[in-house]
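Trainee: I am attaching a structure below and will ask some questions about it afterwards.
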Amino acid sequence: MLPLLSVAILAGAFAQRITGMGFALVVSPFLVVLLGPFDGVLVVNACAVLSSLIILPRVWRDVEWGRLVRLAVPAVVGTATGAWVAAHVPGPAMQIGIGALVVIALTSTLFAMRTAEPVTGAAPAIAAGLASGFMNATAGVGGPAVSVYAVASRWPQLGFAATLQPYFIIVSGSSLIAKFAATGWALPELDPVAWPFILVAMLIGIGIGELLQRRISPRIARISVIAIAYLGGIAALVDGLLAVLS
């Protein structure tokens with residue numbers, strides 16, 4: 001399990017540094033299969049906070065704080081609902097839901113790229129924040145909803161990538177607290193030996209991304225993340241369906 005986990009973490013951290021998002025998209029579906037839906041998402045949330053904390057100092061000056069507030073406040077509200085759902089829905093059903101959410105959200109992102117006119121106003125940001133918070137707590141993937149908003153509103157990549165770092169710290173941190181509280185502060189069933197591997201893989205992925213970010217088109221990187229996440233989402237969906245049918 002550790003080699004596969006390390007590769008997924010490295011790829012997710014690399015994508016996060018290149019595009020501003022993608023860590024949970026890449027890692028969550030695989031961790032859900034490896035650890036189960038609840039523990040898998042819990043570990044993803046913890047890793048997402050750590051990854052964004054490492055990246056934030058590098059992009060601090062480009063953060064758009066106004067947009068951050070409009071997204072993060074409703075996202076925290078969505079997180080509370082998602083945490084309750086994650087704690088009370090059976091494992092296989094949650095796994096099917098997580099896989100379907102990832103696939104649906106990514107498909108929505110692709111369709112959003114074809115939007116003719118940019119959306120404006122606070123309402124789209126609030127809706128994106130609510131959806132992102134709910135999905136982050138249930139599936140560990142809050143990025144697709146915000147990505148749809150970014151594409152639909154023509155949010156420039158530089159500000160988008162920077163603003164997502166404090167956003168993920170707030171939202172994933174809220175998800176962690178809410179889910180720990182909902183389960184009596186039970187820790188995920190992950191071997192403590194795995195954490196050093198996770199940290200090293202994360203640092204390597206971010207380091208590679210730091211070196212290559214100016215040579216890789218953000219569009220190419222994001223398309224790659226979407227393709228990998230599609231495969232992971234389908235894997236989680238199929239694994240859940242097999243568990244229900246067996």
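Residue positions begin at 1 at the first shown residue.
Note: Cβ is positioned from N, Cα and C throughout, glycine not excepted.
Per TrEMBL, the feature transmembrane segment maps to 31-56, 68-87, 93-113, 193-212, 224-245.
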Trainee: Sort out for me which stretch, of 31-56, 93-113, 193-212, has the most Cβ pairs below 8 angstroms to the transmembrane segment (68-87).
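Mentor: Top-ranked stretch among 31-56, 93-113, 193-212: 31-56.
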Trainee: Under an 8 Å Cβ to Cβ limit, what residues of the same chain, 6 or more beyond the ends of the transmembrane segment (193-212), are close to it?
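Mentor: Distant contacts of the transmembrane segment (193-212): 1-2, 5-7, 9-18, 47, 50-51, 54-55, 58.
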Trainee: Quick test of the contact rule: Cβ under 8 Å, at least six residues beyond the ends. What residues does that give for the transmembrane segment (93-113)?
Mentor: 25, 28-29, 32, 36-38, 41, 86, 135, 138-141, 144-145, 147-148, 151-152, 226, 229-230, 232-241, 243-244
